[in-house]
Amino acid sequence: MTVTFPQKGLPWLLLLPQLLVTAIFFLWPAEQALEQAFYQEDAFGLSREFIGLENFAALFTDPLYYQSMLTTLVFSFSVAIVGMSLALLLAVMADRVIRGKLAYQTLLIWPYAVAPALAGVLWWILFDPSMGPIALWLKSAGVDWNHYLNGNQAMILVVIASTWKQISYNFLFFLAGLQAVPRSLIEAAAIDGASPFKRFWTIVFPLLSPTTFFLLVVNLVYAFFETFGVIDATTKGGPGQSTTTLVYKVFNDGFVGLDLGGSAAQSVVLMAIVGLMTVIQFRFIERKVQYS
Amino acid sequence: MHNLKLASVVVGLSIASSGFAATEIEWWHAMGGANGEKVNEIAKAFNDSQDAYEVKPVYKGNYTETMTSAIAAFRAKQQPAIVQVFEVGTASMMAAKGAIYPVYKLMKDSGQAFDESAYLSAVTGYYSNSDGQMLSMPFNSSTPVLYYNKDLFKKAGISQAPKTWQDVESVSNKLLASGVTCGFTTAWQSWIQLENLSARHNVPFASLDNGFGGLKTELKFNGPLQVAHVQKMGEWQKSGIFSYSGRTNDGAAKFYSQECAMFTESSAGYAGIKRNAKFDFGVAELPYWEGKVKQPSNTIIGGASLWVLQGHSKEEYKGVASFLSYLSKASVQADWHQFSGYLPITKAAYDLTKEQGFYKANPGTETGVIQMTTGTPTANTKGLRLGNFVQIRGVIDEALESVWSGDVDAQTALNTAVERGNAQLRKFEKAND
């Protein structure tokens, strides 16, 4: 069904608010960051010097920057995969609940309303090596939990803290996706004697693939861009550089360290990486997606 | 008709109020909680004491947020007259010559009586230029001290607080033998275990008088003293004498829970410790290495100072100057010092606090002041003036963590940190030259 407008002006007028928001809050800052990346400037903006590609050169000659890229990849894929699998599991179970459905679903959606920094603090308290309940329990189970010193444990902590919030979001979409799966298909398969497991893998999961693909893109973008609050509240990028992701570095160098040029160059690189990743996803993974 | 009446009343009111309106002075600060309420109280007392000016304190979040928002405001020409900036931001503020109004100059221009010798030089030195002129007004300064658990000491049969790091080692061994899980932990590792370690032993942290001599300064904290100390702490981390507890002051939890018997932390942490410690505790001076220095030097300060920003009217600056004079009054200072645990900034405030018997009633609160004021500050103990210091501290945190976890030895870690830190200094030099 196509809607046609009598004159050309009206659709543009209706689009205008959204276009304005995009231009003011996305395109303009992006352009500013791109420009800033070629300058060296003191914090107060009293002097500004064009330095060409020097900010980028400094980044790409720093071995720690590559390490941070690797950290980011490990972090982002862990967040996306863990978050999506848990959410799918919960959604499948919630889909079967008949009594108290609303309460159950509401409880699962709640964490999404918690601010990232707050979520960080929450997990930080639970895992505090000397007083956190989870850390103490781990210790009694024989795991020496100390994320202040152990880089892998610190990574696990930030992945948990970042994933927890995202599960709610993923859950909502998976649940909606599940409810859109025609009952008749499942019933037919059941009559043919397919086990619940087989029904899920051969019918439901493929039909969920548009949702799964959408969530993969959204989750990766979330992990790449929106997790600095959680990292700042839990590990501050440490120990060493083991949880310093690219976006945390942008935040830390720019807003804490006030190195605007260097930070802008990093965000341009980050934009390029995410752009590239999205193109790859749409070109190669989307082909496997069955839209209907 | 009705609207017209209302409008005329409003206009009338606004004319009337502007007739009496005091000049408003905005003061952005980073003091949350009880200290934030105290800041409001101080401003109110000043406002009530005269009617020409009205100081409006605005809480802007933590130190970094306050500084970043003041800078953003400056770029948008909306800056406050006064902003509180933490000590690591000092070099950035100083280098921004077009943005700041040096306090000594402000006082002179507005005709306020201003005697720089009335201030404690160990405090003001951090914020003065090479001619000894004060660029900003110290507000909340603190210095690291050693807190120790008297109950655990007694149980282990120790009667005296450790004076030297050698003592810390032997005392810790006794504590461990008595069943305590950890000897000591530290807050703010770069500030206490490297910056103040260097000052305490009168050893440079950076060249050109710790950066006071200019932007060409280079880091020097990979010398034998610092390497030996960090190496030792790495060993202590393994043996349980030391337990690392993060980059900020989260280690307090280990001290409160009696997991660690000692805690090196800011003197301003006193109030928090007093509130949370369910045991008898004592305050001792920051330890030093016996044999590495004859008489330990004064430690350096942390905390924040008040900077005056350019771009306001002469009238406002007059108000700022009179407010800064008010802040320096012995009674105001002594009250702030006793309430918050920050150091007094003038000798008069220190004497007044002594007279009032505060130190006798609150044993341990004087330790930091005594430690700060022993001897005359040298080029190595006046403070640090390093550009991009926030990033440099990050680099140091990473290096120390790699030693605590046993990944690298102290010499390698500190060499890398110096090299990476110097790159930050060169970057700052280039941007501000």
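Note that Cβ sites are derived from N, Cα and C of the backbone, with glycine treated the same way.
Unlike curated entries, TrEMBL annotations are predicted automatically.
Feature annotations, reproduced from TrEMBL:
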DOMAIN    A:69-281  domain 'ABC transmembrane type-1'
TRANSMEM  A:12-30  transmembrane segment
TRANSMEM  A:73-94  transmembrane segment
TRANSMEM  A:106-127  transmembrane segment
TRANSMEM  A:154-178  transmembrane segment
TRANSMEM  A:199-225  transmembrane segment
TRANSMEM  A:264-285  transmembrane segment
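When each of the listed stretches A:73-94, A:106-127, A:154-178, A:264-285 is scored by C-beta pairs under 8 angstroms to the transmembrane segment (A:199-225), A:73-94 comes out highest.
Most Cβ pairs under 8 A with the transmembrane segment (A:154-178) among the ranges A:12-30, A:73-94, A:106-127, A:264-285 are made by A:73-94.
Listed by sequence, the residues of this chain that lie at least six past the ends of the transmembrane segment (A:264-285) yet keep a Cβ under 8 A from its Cβ atoms are 30, 32-37, 55-56, 58-59, 69, 213, 216-217, 220-221, 224-225, 246-247, 249-250, 253-254.
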